[in-house]
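Pulled from TrEMBL, these are the features on record:
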BINDING   E62, D125, I127, D128, D281  Mg(2+) binding site
Amino acid sequence: MKVQKVLLQSDVHSKSDKTPVTVADYGLFSNSTLHTLLSSQAIVSFVLVKELSTEPFSLVAEEDSGDLRMESGQETLHRITKLVNDTLVIEESYTVATLSSEDVLYAIDSGKSEGGSSGRHWVLDPIDGTKGFLRGDQYAIALALLDEGRVVLGVLACPNLPLASIGTNNKHSSEPSNEKVGCLFFAKVGEGTFMHSLDGSSPIKVHVSDIENPEEASFFESFEAAHTSHDLSSAIAKVKLGVKAPPIRIDSQAKYGALSRGDGAIYLRLPRKGYREKIWDHAAGSIVVTEAGGVVTDVAGNPLDFSKGEHLDRDTIIIVTNRKLMPSLLKAVRESIQEKVSPM
Ligand SMILES: Nc1ncnc2c1ncn2[C@@H]1O[C@H](COP(=O)(O)O)[C@@H](OP(=O)(O)O)[C@H]1O
Ligand SMILES: [Mg+2]
Ligand SMILES: [Mg+2]
Ligand SMILES: [Mg+2]
């Protein structure tokens with residue numbers, strides 16, 4: 001949050017589309033982003049190892065230390081080490097000793113497990129929605145626990161997500177947006193999904209929307225058109241289902257969080273051909289939604305399979321909604337895909 005604030009105050013955002021303006025700005029942006037995601041991975045990994053010292057530890061995480069071990073990476077490593085220590089200072093129980101650069105490298109590279117169908121594996125996306133982070137929009141820190149290939153626990157921190165609904169039905173765009181932001185969702189298998197503010201309000205139980213009529217539903221999708229087909233989702237939602245509201249396009253698993261509390265009723269992810277989704281992009285989000293009463297499936301109607309290592313199957317379409325809307329949504333997705341493949 002600190003780095004994003006500095007980034008946004010650095011005045012390198014172009015006014016109109018919130019993207020960096022010059023080549024030098026891109027340098028600043030990608031460096032700051034690298035610091036943030038590696039620091040986040042180091043902190044979460046360090047804390048997990050410390051808390052779970054009595055059991056075997058396996059972590060599947062998105063990032064690795066990469067060039068940090070080389071001569072050219074020393075300045076970056078130094079800054080990341082400082083960022084990690086400055087952050088851990090806030091949490092008194094972890095300030096026993098200052099972490100060295102070696103400790104930080106070790107923590108980052110503890111995330112090298114491949115996961116799989118046996119035993120327990122933690123799954124971490126230290127910054128999900130990197131593009132959103134850069135733009136000053138939505139991003140998430142997503143942590144899940146797999147047990148025998150099944151997600152049994154999920155935590156989703158969404159530092160920029162308003163505590164109030166972001167659904168199109170509840171939004172009055174003319175009102176100034178001085179809403180409070182920063183939500184944390186957590187779900188444990190069989191125990192429901194809870195949300196509290198990042199600064200620590202008491203948790204409230206959340207539920208997915210109970211909308212039955214698709215015309216009243218609003219739907220989420222990726223902000224980035226490279227991550228999902230906006231055309232296909234609009235064909236499905238508007239044409240097949242009669243959804244009236246425009247799509248809510250936001251980055252990261254904040255979509256799962258928002259859906260779990262009923263801000264919108266549908267989330268569609270239609271990746272381009274050949275793409276294999278990573279488990280850390282969906283593990284935490286999926287249990288947050290299912291424990292809130294929702295359903296997360298592929299196009300065959302099966303739950304996502306997190307037991308095959310780092311990836312889901314190639315060409316996995318992800319469909320998220322409540323139980324009542326799922327049958328008509330599945331039908332609409334299948335029909336639209338059919339029509340796309342074999343146009344009349
Ligand atoms: N071509 C592609 N298709 C689908 N997802 C992609 C993609 N390229 C990258 N992604 C993933 O989409 C994630 C962001 O999802 P969303 O679009 O919902 O914000 C990225 O997570 P990271 O930002 O953690 O790398 C990345 O893993
Ligand atoms: Mg991600
Ligand atoms: Mg990431
Ligand atoms: Mg990434």
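Note: Cβ is positioned from N, Cα and C throughout, glycine not excepted.
Nobody curates TrEMBL annotations by hand; they come from automatic prediction.
The structure, with features from TrEMBL marked on it.
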{"residue": "E62", "record": "Mg(2+) binding site", "Cβ contacts under 8 Å, 6 or more apart": "L37, Q41, G111, L124, D125, P126, K278, W280"}
{"residue": "I127", "record": "Mg(2+) binding site", "Cβ contacts under 8 Å, 6 or more apart": "T33, T36, L37, S40, F133, Y139, A140, I141"}
{"residue": "D128", "record": "Mg(2+) binding site", "Cβ contacts under 8 Å, 6 or more apart": "Y139, A140, I141, A142, S252, Q253, W280, D281"}
Item to complete: For the recorded Mg(2+) site, whose residues are E62, D125, I127, D128, D281, find every other residue on that chain with a C-beta no more than 8 angstroms from the centre of their C-beta atoms, and list them by sequence position.
Response: L37, L124, P126, G129, T130, A140, A142, S252, Q253, K278, W280
Item to complete: Would you count the other C-beta atoms found within 10 angstroms of the C-beta of D281 (Mg(2+) binding site) for me?
Response: 22
Fill in: Count of other CB atoms lying within 10 Å of the CB belonging to D125 (Mg(2+) binding site)
32
Discussion item. I want to verify one value. Collapsing DSSP to three states, which class is E62 (Mg(2+) binding site)?
Written reply: coil
Worksheet entry | DSSP three-state assignment for D281 (Mg(2+) binding site) | helix
